[in-house]
Amino acid sequence: MAYPFQLGLQDATSPIMEELLHFHDHTLMIVFLISSLVLYIISLMLTTKLTHTSTMDAQEVETVWTILPAIILILIALPSLRILYMMDEINNPSLTVKTMGHQWYWSYEYTDYEDLNFDSYMIPTQELKPGELRLLEVDNRVVLPMEMTIRMLISSEDVLHSWAVPSLGLKTDAIPGRLNQTTLMAMRPGLYYGQCSEICGSNHSFMPIVLEMVPLSYFETWSALMV
């Protein structure tokens, strides 16, 4: 999860987030090289007295500044399209969970179980225990098995919301009357925090998300107790 004064992204917990981190570094390096070239050209223009006032035609230069940006865009687009395809691909999920956004809490339903559903509210600051995080803890965590493909069905009962967990690389809009879906797979156990990422009213900041990723045996025990 994030920590104070953090400059980079959160540590990747899912394969998708790892790909997004690699793509971020790839794109950032391209931006750095372009910026360095532009600054170098500007410094030359400011420090040299050479001018080309008689230049009327420069087809070679025009060819370079047409082809080079096209190549750069291709180098950015290809890995981006690959990741977009991976994010939309859903192959035989092991578990399906439906989440509904409300003003201002989340409700969850495990559709593979007959009667496993609950609401998840933020714990008020005055009720927090030592070590718990302000504005991020909930009364009911979403317990999920790790190292398994899980499909999330996301919608809303009232206004626009957005279900987001940064360390898993997830952000999906919750739209009234529309059912969106996304997949997640956590590679290690732990607690993963997120929040509503669409301004949805006065208590928008009080809609945290907490995923508790556990081994399959623990999940089976928990689900049996909940049902």
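Yeah, the Cβs are placed from backbone N, Cα and C, and that goes for glycine too.
Swiss-Prot annotations:
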type	residues	note
TOPO_DOM	1-14	topological domain 'Mitochondrial intermembrane'
TRANSMEM	15-45	transmembrane segment
TOPO_DOM	46-59	topological domain 'Mitochondrial matrix'
TRANSMEM	60-87	transmembrane segment
TOPO_DOM	88-227	topological domain 'Mitochondrial intermembrane'
BINDING	HIS161, CYS196, CYS200, MET207	Cu cation A1 binding site
BINDING	GLU198	Mg(2+) binding site
MOD_RES	TYR218	phosphotyrosine
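Packing against the transmembrane segment (60-87) from elsewhere in the chain are residues 15-16, 19-20, 22-23, 26-27, 30, 34, 169, 182-183: each is 6 or more residues past its ends and has a CB under 8 Å from a CB in it. Of the recorded residues, HIS161 (Cu cation A1 binding site) and the residue listed as 'phosphotyrosine' place their C-alpha atoms 31 Å from one another.
Long-range Cβ contacts of the topological domain 'Mitochondrial intermembrane' (1-14) within its own chain (Cβ-Cβ under 8 Å, at least 6 residues beyond either end) map to 20-21, 24, 166-169, 184-188, 190-193, 213. For CYS196 (Cu cation A1 binding site), the same-chain residues 6+ apart in sequence whose C-beta sits under 8 angstroms from its C-beta are GLY101, TRP104, HIS161, SER162, TRP163, ALA164, HIS204, MET207, ILE209. Look at the residue listed as 'phosphotyrosine': DSSP puts it in a helix. For GLU198 (Mg(2+) binding site), applying a Cβ distance below 8 Å and a minimum sequence separation of six or more within one chain yields LEU160, HIS161, SER162, ASP173, ALA174, HIS204.
Put simply, the residue listed as 'phosphotyrosine' is 35 Å from CYS200 (Cu cation A1 binding site) when counted between their Cα atoms. When secondary structure is read from DSSP and collapsed to three states, HIS161 (Cu cation A1 binding site) falls in the strand class.
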